[in-house]
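Copied from TrEMBL, the annotated features are:
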DOMAIN    49-197  domain 'CobB/CobQ-like glutamine amidotransferase'
BINDING   R132  substrate binding site
ACT_SITE  H190  active site
Amino acid sequence: MTVDHPADLTIVTLLPRLLDTNGDAANARVLAQRARWAGLSARIVPVHAVVDIPETVDLVVIGSGTDTDLVAARDALSSLAEPLRAWLTGGVPVLAVGTGWELLSAGLNLADGSSVDGLGLVPGRAGALPARVTDDLVVDADGLRLLGFENHLRGYSGAAAPLGTVAYGTGNGDGTEGAVDGSFIGTHLHGPVLARNPQLADRMLGTAAAARGLTLAPNAQTESVDGIAKAARNQVAVRLSLTSE
């Protein structure tokens, strides 16, 4: 376990060398920058083994990897199963994308009929879709319109609750997208998702800040970036013949 250095919020990114195929580990940088714009200090700690884990963890980000690395990533995550379980049960906001999410579930059913066991830390299981999905993905999620792109071979069933309903795209394969279980969020949304949808980042930051007795105070830079992100989302929505925000 690493020695802490003072910071208001500590953001852990798990296995960024294995799980960053679509740039999803950058979600940690989005959280850190938005925390700083909101008046809090923040640091990012890459974790590849238990020894890397800092004493204090306020938010956790897990990216997506390739199917050729599924077993290697699962085994690496297995060595971090106990800290992960503690973060999940302790209410630490955890965002997992793509295979990083799937590997926390009961397991993955692959297109060739084989399967890979997961860690069983979150409800549900990933199952093979008829073909790879590569397209825009638009999700209506608890008052938020979330946009990103999806690039995956599997859907998902058995989540405690979905992140939202699909307005465009495939998502879980049943009209829903993602998974929510307490402070855990799993999603197929790439982009990275928090860069394209900073309002979701702020919800995670708000939970983490409140747990530390801290308050977010967004500044003009935050508002400017939010405006740019909203304009980008609306441009995609119009192209897809969806209503804009």
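From the backbone N, Cα and C atoms, a Cβ is placed for every residue, glycine too.
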Ranked by the number of other Cβ atoms within 10 Å of their own Cβ, which of the recorded positions R132, H190 ranks first? H190
Give me the CA-CA distance between H190 (active site) and the residue listed as 'substrate binding site', in Å, as a whole number. 15
What are the DSSP helix, strand and coil residue counts for the domain 'CobB/CobQ-like glutamine amidotransferase' (49-197)? 32 helix, 61 strand, 56 coil
